[in-house]
Amino acid sequence: MAHFEKKFDVSAKDPHHYVGNFPLTKSFPSSPGVYGGNIAGQALLVAMKSAPEGFTPHSLHSYFVRSCTDKIPVEWTVDEISNGRSFCNRNVRGIQNGRICYSANISLAKKNSLKDAQLAHQKYLEEKKKKEESGDDDDDDDDDDDDDDDDAAEKPFYFQTPLPKWLQTTKIEDMDDNDVAKDRFIYHKIPRQMVSLEMTKEEESVPPVDRQLSYYVRLGNGDIKLSSLQAQFVGLVVISDCIISTRLARILRVSSVDMQDPAHYFGISLDHVMYFHDTDFDCTEWMGYGMRVLRMQNDRFLMEAQMYNKKGEHVVTILQEVLAKLHGLEATAKL
């Protein structure tokens, strides 16, 4: 088991009660509590461990109720909301010192792989062709037709959000390395447009909601090998929460701040929502990440993001609302 996996692993006290083997870590020593991606990642692990074999997450809706301390492990309680043939649902709560610090509703699905669906359809077509060639396909037998319809694997229908423009036009080797989050096993490749207002003046002619930022992110620096799909999902959640809440000043094009700095204002994530569209990803390889702000009001802004696998396929959607105190930075925002 990789060092990363050991850090996030949990022990089952009973089917509805788990405890982290180690305390989770902060983003930075000065952070008020544990890094949100770490909490959400361990919660997802608990949900997967409590689910029947073969189920993988397809959505997570969660709230950061209060700060988690990095001094003690998180205890987890699990309610089995449903257990079906195709879907199951879990309510997972993180508890420290007798108080809930994190709450998540997690839905898991039996089928969540486009590749598997395509292979099943191809297999169905091949078997149907063999039957036709051998003369076994009897069109006059209504019962046989009904059975064939039941066994038919439909051709998957899908469409997706394209890879962000910066990631299409900039080679990854030309992007800057960023290891500010290496203590959380997170590494980035940052396009120069991300930190340069001079290179992106065209953004001033479009509203803030249409200004998309993008970069690459991965778990580890090529030194992590994960042993299971469960570990892949944990790693995916861990890297999903980094940077997303800290880039409002960049989207607002506030020129008085250094865009290289990890933070420019006070911000706390209120929730974290993820939709997992496919299991075809490897979080230890560079994954594309595109993000934008949808709304800002009442000191809260709503972020939307997409994550892409190495083939440029959109595999995850993220929503997060952040409580932010800009302390006057908004005075020079370009709206």
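Glycine is no exception: its Cβ is also placed from the backbone N, Cα and C atoms.
Residues annotated as compositional bias 'Acidic residues' in TrEMBL: 134-152.
Annotation comment: TrEMBL describes 31-107 as domain 'Acyl-CoA thioesterase-like N-terminal HotDog'.
Annotated domain 'Acyl-CoA thioesterase-like C-terminal' per TrEMBL: 197-323, in sequence order. Remark: secondary structure over the domain 'Acyl-CoA thioesterase-like C-terminal' (197-323) totals 27 helix, 47 strand, 53 coil, with classes taken from DSSP.
According to TrEMBL, the feature region 'Disordered' maps to 126-155.
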Overall pLDDT of the domain 'Acyl-CoA thioesterase-like C-terminal' (197-323), taken as the mean: 96
